[in-house]
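Everything below concerns the one structure shown next.
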Amino acid sequence: MWLEKLTLLNFKNYEEAELALSPTVNAFTGDNGAGKTNLLDAIHYLSLCKSYFNPIDTQQIRSNADFFMVQGSFDKDSAREVVSCSLKRNQKKQFRRNKKEYQRLADHIGLFPSVMISPNDVNIITEGSEERRRFIDNVISQTDAQYLDELIVYNKNLLNRNAMLKSIAERGSYDPELLAILDDQLVASGQKIFEKRKDFMAVFIPVFQKHYQYLTEDAEQAELKYESPLFDNDFHELLRSSVERDRFLQRTTLGIHKDDLNFSVHGMPMKKFGSQGQQKSFLIALKLAQYSFLQLKKGYKPLLLLDDIFDKLDDKRIRKLMTMVSHDDFGQIFITDTSRTRIEGIFAAIGVELTTFVVSKGAVSHEKNER
Ligand SMILES: Nc1ncnc2c1ncn2[C@@H]1O[C@H](COP(=O)(O)OP(=O)(O)OP(=O)(O)O)[C@@H](O)[C@H]1O
């Protein structure tokens, strides 16, 4: 699966642009603020129906315009598939595949998978556990259509139980049977999600380790652990044992909404002790493992979107990473860099052909590389 042509209309700082892409490595080069990342984000829209960077769709419409449109022509199993997303101000986002509009955007998720690696990903390490759960949930839902629905059910059950805890606090008494029914609902949905997360992590962690070791040449010991209160406890029992605390705090304190990933380097927490380069390497290995997992489940190669990937990595890691991603295991790649000379030099050194697009103030020109 690869993206042959990308067309933009009034998308962020682009009034109009059309790119004929290469099935292998595409580089977007240009000054800061030129619009390189915006091109990656447009591709992300085609894959996941939303921006990677900004959840507010209307903010993607070019200032002073009243709509945006992003369209991509994909080659999938040698057939042409056209995906388009358009949004008019004050109207619903329209998403089409081969001219047919989707009723549920969720039906599109996973058909044209992609993985973005961007400087924003550092939030997965530095921010709260919600970011890490979001990461897990995003990866699983690209390969399991029911997972998102199950999460929605769990969150609804959690809201119901929390509302009940609030009303108990207001009334000062409660009906244990009613709470037991809400517990049953929460346990039934939570247990399914826990099992799926556990199965996913069992496949994911060894792949992550393999990528991290390759990237760092075994110089660093990094560890990734899935933590959930459900590992050592029965969920019903957990809810029963924490009922007094839950009543006092008026919310459910234990459950899969507290799951987390623990990241460490040489046995120390990555967040506090990892250098910027180590954190970046860790995140890259995490995203490459996401790539490998998607490929394994889908049977074809996702698109790889690399934003500002060279920043904070030493030359050796850059060379190793670029050699790896331009190898046969990977498919179509998009990379941004402010320096055309640097990116062309890196790919010339590893003998991989590169298609360069020069971006300047929302205009793109395709440059022929003479090597
Ligand atoms: N809705 C919009 N309308 C007009 N311009 C926009 C809109 N959204 C973003 N931009 C502009 O897009 C530009 C940022 O583009 P982008 O993030 O792609 O830059 P970049 O080339 O990746 O830069 P850097 O090298 O600094 O990462 C900014 O100039 C910003 O003002």
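Using the three backbone atoms N, Cα and C, a Cβ is placed for every residue, glycine included.
Unlike curated entries, TrEMBL annotations are predicted automatically.
Record features (TrEMBL):
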BINDING   GLY30, ASP31, ASN32, GLY33, ALA34, GLY35, LYS36, THR37  ATP binding site
DOMAIN    3-353  domain 'RecF/RecN/SMC N-terminal'
Cβ-Cβ neighbours of ASN32 (ATP binding site) (radius 10 Å):
6
Determine the Cβ neighbour count for ALA34 (ATP binding site): the number of other Cβ atoms within 10 Å of its Cβ.
21
Near GLY33 (ATP binding site), which residues of its chain come within a Cβ-Cβ distance under 8 Å, counting only those 6 or more away in sequence?
none
Under 8 Å by Cβ from GLY30 (ATP binding site), same chain, sequence gap 6 or more:
LYS36, THR338, VAL358, VAL359, SER360
Can you tell me which of these binding-site residues sit near ligand 1, meaning the Cβ is under 6 Å from at least one of its atoms: ASP31, ALA34, GLY35, LYS36?
ALA34, GLY35, LYS36
May I have the list of same-chain residues other than GLY30, ASP31, ASN32, GLY33, ALA34, GLY35, LYS36, THR37 whose Cβ is within 8 Å of the Cβ centroid of the recorded ATP site, in sequence order?
ASN38, THR336, THR338, VAL359, SER360
